[in-house]
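Swiss-Prot annotations:
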| type | residues | note |
| --- | --- | --- |
| BINDING | ASP77, ASN78, GLU155, GLN156, ASP157 | Ca(2+) 1 binding site |
| BINDING | GLU155, ASP157, GLN167 | Ca(2+) 2 binding site |
| DISULFID | CYS55-CYS114 | disulfide bond |
| DOMAIN | 24-223 | domain 'Pentraxin (PTX)' |
| CARBOHYD | ASN51 | N-linked glycosylation site |
| SIGNAL | 1-19 | signal peptide |
Amino acid sequence: MNKPLLWISVLTSLLEAFAHTDLSGKVFVFPRESVTDHVNLITPLEKPLQNFTLCFRAYSDLSRAYSLFSYNTQGRDNELLVYKERVGEYSLYIGRHKVTSKVIEKFPAPVHICVSWESSSGIAEFWINGTPLVKKGLRQGYFVEAQPKIVLGQEQDSYGGKFDRSQSFVGEIGDLYMWDSVLPPENILSAYQGTPLPANILDWQALNYEIRGYVIIKPLVWV
């Protein structure tokens, strides 16, 4: 292969693997269990988080535990982790500590998940399909470290790696947004209804991401 064609091939591969794009109406599909398949979400977050709200849609027929959103920093695993323990049980980890919220839900079925946390009060709250669950207290006064590695599809036990097949996600994830504030109920309901506010940490309509392994982008057909 001559040099111009080689560089075009390399550039095309980089653009495919490292993209910044509007994913409206689309999802990441994770078709299999693995220790390799994942998506890295890139954000220029330079300051520790004192508050946040994270919302996304997911669809899986797994009955075992799995990671939905894994945020690690240097030397700190489970700095921020959204984890499904089993059907009807969702956990939020902040700084390796966790709370779990329970909800009656159909299985298997698509779900819209929002979770918020506020450092000053320590209050963490899940919203499932537009309905708030019982508030819990978690790590009052703590700050979530900046410069994270954020992974979909796997649970990190190190900074960007050390994955476990038994915690991998199989299914679809889309409409993911993250803000550096606790959204009021009306804005969470707007996200559930498909009209979210512009997000300043992660925004599905302007997402910087990197696909690793067998992950496919497909149309969202289950909302």
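The backbone N, Cα and C atoms fix where each Cβ goes, glycine too.
For the residue listed as 'N-linked glycosylation site', the nearest of the binding-site residues by C-alpha distance turns out to be ASN78; the candidates were ASP77, ASN78, GLU155, GLN156, GLN167. ASN78 (Ca(2+) 1 binding site) has GLN167 as its nearest neighbour among the recorded positions CYS55, CYS114, GLN167, going by CA to CA distance. Shown in sequence order, ALA65, TYR66, SER67, GLN154, GLU155 are the residues of the chain, 6+ apart in sequence, with a C-beta less than 8 angstroms from the C-beta of GLN167 (Ca(2+) 2 binding site). The Cβ neighbour count for CYS114 (disulfide bond), using a 10 Å radius and every protein chain shown, is 24.
There are 18 other CB atoms within 10 A of the CB of ASP77 (Ca(2+) 1 binding site), with all protein chains counted. Around the Cβ of GLN156 (Ca(2+) 1 binding site), a 10 Å sphere holds 24 further Cβ atoms from the protein chains shown. Working note on the binding-site residues GLU155, ASP157: by count of other C-beta atoms within 10 Å of each C-beta, GLU155 ranks first.
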